[in-house]
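Written below as structure tokens is the structure these notes are about.
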Amino acid sequence: MTTLAPPAVRVQEPTTAKGGRSGSVVWMAIPALLMFVAFGIIPLLGVIALSFTTWDGIGDIHPSGLDSWTAALKDPGLPHAIWVTFEIMFISWLVQTPISIMIGVFLAATKKYRGFLAVLYFIPLLLSSAAISITYKALLDPNFGLGAGFGVDWLKQDWLGDSKLAIGVLIFVVSWQYIPFHSLIYQGAVRQIPTSMYEASMIDGAGRVRQFFSITLPQIKYTIITSSTLMVVGSLTFFDLIYVLTGGGPGDSTRALALEMYQKGFMANLMGPASCIAVILVLSGVVLAQLLRRLGGRGDESMQEGV
Amino acid sequence: MATVSVSGTPAPTRRRSPLAKLLRLNLFGGALGWVWLFIVMIPIYWIVITSFKTQANYFITNTFAPPSDPTFANYKEVIDNEIVRYFLNSVIVTVGAIVPAVLISFMAAYAIIRGIGNRFLRLTNSMFLMGLAIPLQAVIIPVYLIIIRLKLYDTLLAIVLPSIAFAIPLSVLVLSNFIRDVPKELFESMRMDGATEWGTLWRLAFPLTRPALVTVTIYNALGIWNGFLLPLVLTQSPDQRTIPLALVNFQGQFGVNTPAIAASVTLTTIPIVLLYAIGRRQLLSGLTAGFGK
């Protein structure tokens, strides 16, 4: 019986794979493929093409060689926008990661409140960035907001009127929105660590701190890579939040790449240079994702889970 | 103390700072968990109570005190400002994008799993995987160009089409992971019974992947409902406004009338919270299973 079964399966597999049958499923992939090519792949190639043209967004598109690239790269706004983007990216990663891991470890260990906390933690993810920004804008009002409410003078600052503070506010709001989500990811990862590992280390006399650094952290290594990839690549595309909360200001102090691209393209009608910024955005995302993948030392799997 | 051999890490001795020893880690994490809950809840609590205050009341009472004289006037004002229309627009865009998106993603995922070995399908799959890395922001200019060339500018369909496309990669990934887990024997017995692939898709794969379908639907629906960039770039007239864009407009229009702004935010959030309440279990388990490996 057992000797018969495997060959029977093996004979059938190639027929399903190469025979007429697979031909009958191919068409099912066509609608999704067409939609994705039309509004994903073609625009991706299009943005590269448009970066070598001059276009005001309304009239005709003129090929203009490297003109747009020269204009984009000469603009002092670009290095500034890159700097702002990476500043927000790095600091928000630095703030979110340890807090998320801590909360995730805690959530994984407590059965009692886990469900309750998970439900409430998810709420920020339900809200649109527009709604969140509007709420914080009102809440950070120096006269009627947080500071007045708690009666703490330190909170009564002109949060969105000072360049340094405005960046800080953005990082805080990003953390507010995403820490719960990353905590839940870590929580899931920590729960998959076999308890026998902790039991064995307990017999050997390892304390909690030791367990955390010797078991928990190494075991959730890939999750850290996944979560960091989401944070880092995601932060390249912060647009709604900055657009509504600070509008890039005060001055240009919070004008990150995505906003810089929007303003160049749709406000100043310089679609060519704006496309160059978009290409830079795509390249940064790909490079960063690859770097993090290398760091993880695992093939494309972590990348697949990562997004 | 051969403790760490169990964990498989090569470095057996770790520097332990006395401070770290003092902080019982679990306790610390626990405190952090509750503190963070407090931080998460403050703005939500504030926006809800403020929406029931009169404007005068808002300026004289403590920001965090509940309204002394609750009023629905702010909600009435928001409803009088065409919120129903914006709401319907958002419903049309979300439903109009999510139904075809999940359907065609499901078909593609099924084809990719059932047609393993087919070179065309393998190529399609890797294209979708690559698509995961394409941010919508980066391709918005060509999308805008395509939409004006299709003469769809300032219509809801202009938001729907790119929304479908950008929901596909993640949906296919999650759904194909689920279909892969369906035992091969089940497909085989369907085939023996003379079922076509189309029939197997609906009668076998569809019911078995329902949790994943719910996860993918809610996740993408949230993204589309809350989407800001596509409506901002691809529409213009107030008739075509979706909720997030309308909120930003209210903010300008209501000015210092913070309670009215609060009411607009609260009112537009209720449907998402309801949706979340219905599909919560599946969404949470689906997401943690998908990401936390």
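Placement of Cβ uses the backbone N, Cα and C atoms for every residue, glycine included.
Note that TrEMBL annotation is computational and uncurated.
What TrEMBL says about this protein:
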DOMAIN    A:82-292  domain 'ABC transmembrane type-1'
TRANSMEM  A:25-50  transmembrane segment
TRANSMEM  A:88-109  transmembrane segment
TRANSMEM  A:116-136  transmembrane segment
TRANSMEM  A:165-186  transmembrane segment
TRANSMEM  A:222-246  transmembrane segment
TRANSMEM  A:266-289  transmembrane segment
Please check if the transmembrane segment (A:222-246) comes into contact with the transmembrane segment (A:116-136), where contact means 3 or more CB pairs closer than 8 Å and the residues in each pair are separated by 6 or more positions.
yes
Okay, the transmembrane segment (A:266-289) and the transmembrane segment (A:165-186): do they have at least three CB pairs under 8 Å, pairs separated by 6 or more?
no
Region pair the transmembrane segment (A:266-289) / the transmembrane segment (A:25-50), three or more CB pairs under 8 Å:
yes
Cβ under 8 Å, sequence separation of at least 6 from the ends of the transmembrane segment (A:25-50): give me the contacting residues as numbers and ranges.
61, 271-272, 275, 278-279, 282
